[in-house]
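Now, the feature entries from TrEMBL:
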BINDING   A:Glu173, A:Asp202, A:Asp232  S-adenosyl-L-methionine binding site
REGION    A:333-354  region 'Disordered'
Amino acid sequence: MQSRRCADPHLVRIDAKRWQGPLFYPFRCSYIAWNRDIMSFYKYKDIIEEGDFVLAFIGRGNLKHITVTPGSVLNTRYGSFEHERMIGMKFGDQMSGARGVGFIHLLHPSPELWTISLPHRTQIVYTPDSSYIMQRLGVTTGTRVIEAGTGSGSFSHSFARTVGSEGVLFSYEFHEPRFLEAKKEFQEHGLLDVNTLITHRDVCNGGFEIESIPERFSSDCKSVNADVVFLDLPSPWTAIPHLQKVIAKRSRVGICCFSPCIEQVEKTVKALQENGWSSIEMVEVAGKRWEARKEMVKDISDVVKRLKDIQSRKSQGIENRRHAKVVGEKREISEVNDEDSGSEPKKFQNLGKGFNPFGKGLRVKEGDDQWTWTNVTKIEADIKSHTSYLTFAYMNPNVRIAEFPKQTTTNESS
Amino acid sequence: MSETPDPSPNVTPAFKAENEVFAPKSSTIISPNQFAFVRLPSEGMKIVELKPGGIINLGKFGAFAVDGVLGYPFGQTFEILDDNQVTPIESITYEADISEDVELSEGGAEAAGPELTKDELTKLFTNSSENNQNIINIGSSIQKLSSEEIDSLKKSGASSDFGQKIIEQIIAGHAGFDKKTIFSQQKYLKRKQQKFLRRFTMEYLGSSQLLKYYIEKDSQRVLDMSEETLGLLLNYANVRQGGRYLLVDETGGVVLYAMMERMKGQGTIVVAHDNEHPNHIALRYSNYQPSMVEDMVKPINWLQFMEPENERIDWVTATEDELNDMKFAKRQQYERRSKRAQEVNSVIDQVTTGNFDAVIVVSTLNLPSLVPHLIGTVGGSRPIVLYHQYKESLLDTQHSLSNDKRVLAPSIFETRVRPHQTIPGRMHPVMSMRGFGGYILWATRVFPKEGGVTAVGRGVSKKKKDEEAKVEEKDVVMEEAKDDKA
């Protein structure tokens, strides 16, 4: 669904080599002019226009990302949807299929919806983990963040959204094909235009320093000067010694290392200690989704009543005849004689076959008004029982960095 | 300096942080006239106000002069010296260093077995993070201590190595200490450190710290919300710079503060509340200028929200002549009323215009009856995020929303963080943690197609064959398709 212009590997490759240079901007603008206004991850818009980035909600957990391009069609198992018809519709609109059958919803991208729909290049950081890391490390508008590696870019979108136009996301990816894909994706999503700088680098060997940071991304000291570091690397302990040169010197810096194995945590903790990080703590995040379901209320007295009913019908020979038929065969209501009209009508679902309080043999839809239900929650069938260990730590400058005029003379500090 | 000092909105901080136009407070440097969060060795916490020239009392951990901590970055740990002075140190406890040194001296895997002698412990102390001070002299002071003796030690005055001295002497006086395993020795040491070390960490009072403070103090005030759940709420609600949100916040403003922090003063939060005035008591610690809060936070009570046309104030602007005729007091009253009318009408306009970037509800109100009134105010494709401390309330809400076609894919989420003992070689989850934390319902606001749609589902091909039955079956098929999607 993406534009061919941007998919041209040649363009992207040249672009990748030149991204730091001053030539980069005019070059880039020339071929992305068609979607330069895309700000999907920084603010909402209401009406869908040509070139917009849309998430088509097909079903729970099934979202397709498309760039609205006249002439293109989104084909799903729920029908075909022409892009042309989307133009002028509202974000959030329900759209019916080409032949009037089937529907999708046209959603505006957000980092959380993107996380559900994105193409996996690597294991991704899911929302329960990413949201906790952000909250714990105090990521807000204006925070300068290091992220290595970029991976599938799920967390990158979330970081980029939260740090906003005043913050910066420095993202590093050592795997070249992944880097190129991520860079293209960030370009298309407008991240590179606002606050994100992606670098092709093996930070474990090459460190984090960036030679020429575009002016709009540089802080006062013309360096990365990160407030928060997130390391999702196979061996974070080899990258930790390189951090000293790129983290903020005048404020506390928080770090989170994301590793699936406990052995990695061990090495990471030691490296953090050796490099002066403190308040080291490892945690795990368990995220769960609960489904809202309904459970039929089956009263014991109805069970007893039914057994008695079977007994009495047996003695009358009715039960034997019943067995001659297929149990639970679905029949239209009109076909069935109302033999037991004198009893509680609600519980006689399969009229003509005795007292059937729980709809035995019928296809009972959960929540059907004819029965009594209680609301219950059921945990999703597959839970993520382990994503990764999150090792947090802080680096304090341990020096006084500002003087305030004394208002009293009683306490002299050293 | 008390634990819950009066808010002092009129104090203008002498320090003005760079690039913080709306929030003239620092989130990185310990600055005067600002509230800050203090962590104690006991894992206790306090909120203090940093009045220049003031003394802050930390109870048994001592007292310190505010001037001594100003100018350091937030996150700095200090040790209390004589005369309320402080010195910066690297860590509030020694825990991490102990394991390291034990491994050095005894060799990795065997570290768990052998006992730790007093001499080694002494070495641990001196090799600890506070290596700028040579403070332990164990050989000279072995003695058994009674509680009276400990008390008199405490009274003997604050000196830099006061805490360590006491711990040292207690250990020395502990006849069975050598017989303890290294694990229990460390546990013992940690307990004593928590009791006697005169240290504290001065942290920035961010939303996580504020939430932790309330959780410790009275978790019901924040409706049992945990830090991880707050983070999940803010991310699902897509809270960011420049956003426009509708918020129901019964945590006294903790969620509001968290949103303001993320947005850094840029954007609008309309807060619906159930009294005459909103309860934003937590904001008194925020150090936000009242003007900045006014710019960003627009309160509306439920009566105004539910009956906007009745509650809109018909305001007749006085003519120039009328204004000139007014006496001073009358004129003031006029100005006040005029301002209020404008505020009320403007927030009513905000709600009737709707199109909010998210609605966030953290409330004890009955959600199935409340939420339908809020959905219409949310813009297309924007999130609806509901918090409740009980899953059952969200369950009922989700069931009630499942028939509301303005809401797409509501789901209940739970997130729990499990902390671990983080010592190399002895990693394991801690033995106990808080059990609660609340639940989040996340959904997306959508616009159902007018006149309905025919869904693809079981029975569709059959339906094509039987055109007559199509109309009757339509609803059933819709339901089935919905099941498929659910």
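Cβ atoms here come from the backbone N, Cα and C positions, even for glycine.
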So what sits near A:Asp232 (S-adenosyl-L-methionine binding site) in its own chain, CB-to-CB under 8 Å and at least six residues off in sequence? A:Val125, A:Glu147, A:Ala148, A:Gly149, A:Gly151, A:Phe155, A:Phe258, A:Ser388
Which one is it: of the binding-site residues A:Glu173, A:Asp202, which Cβ has the fewest other Cβ atoms within 10 Å in this structure? A:Asp202
For the S-adenosyl-L-methionine site built from A:Glu173, A:Asp202, A:Asp232, further residues of that chain with CB within 8 A of the site's CB center: A:Ala148, A:Gly149, A:Thr150, A:Gly151, A:Tyr172, A:Phe174, A:His175, A:Arg201, A:Val203, A:Leu233
Given that the record lists A:Glu173, A:Asp202, A:Asp232 as binding S-adenosyl-L-methionine, what is the largest C-alpha to C-alpha distance among them, in Å? 12
